[in-house]
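Noted in Swiss-Prot for the protein shown:
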- C45-C100: disulfide bond (DISULFID)
- 25-114: domain 'Ig-like C1-type' (DOMAIN)
- 1-20: signal peptide (SIGNAL)
Amino acid sequence: MARTVATFFLMLVSLACLDAIERPPQVQVYTRHPPENGKTNFLNCYVSQFHPPHIEIELLKNGKKIEKVEMSDLSFSKDWTFYLLAHTEFTPTANDKYACRVSHVTLKEPKVVTWERDM
């Protein structure tokens with residue numbers, strides 16, 4: 001009986017420690033297909049390795065929020081950090097600038113990662 005209580009107590013302590021871990025998100029912005037001006041494509045913002053799970057992700061066109069953005073389900077990795085994919089259909093042009101803005105408790109201000117079309 002004492003062993004069961006001790007095991008249960010250790011599990012509770014472990015779970016409490018998981019909530020104390022904070023990791024900032026890693027952000028990658030890329031397209032599904034090689035970009036061509038005037039040709040429809042998908043813009044992706046992959047956010048990973050963050051904890052706790054609450055996060056805000058926005059895709060931006062010329063600094064303004066894109067309204068029609070889809071999100072994958074929140075998932076977690078083996079190390080209990082989380083990852084999420086935000087994506088939208090878009091048609092790139094030579095003049096438009098695209099970015100992903102991420103807000104998370106570990107960041108003092110939102111992290112903005114610009115899409116580099118030559119990568």
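Backbone N, Cα and C atoms are what each Cβ position is placed from, and that goes for glycine too.
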Stretch-averaged pLDDT - the domain 'Ig-like C1-type' (25-114): 96
Cβ neighbour count within 10 Å of C100 (disulfide bond): 26
Long-range Cβ environment of C45 (disulfide bond), under 8 Å and at least 6 residues apart: V27, Q28, V29, I57, L59, L85, A86, H87, C100, V102, V113
Helix, strand or coil at C100 (disulfide bond) [DSSP, three-state]: strand
Helix, strand and coil totals (DSSP H, G, I; E, B; other) for the domain 'Ig-like C1-type' (25-114): 0 helix, 48 strand, 42 coil
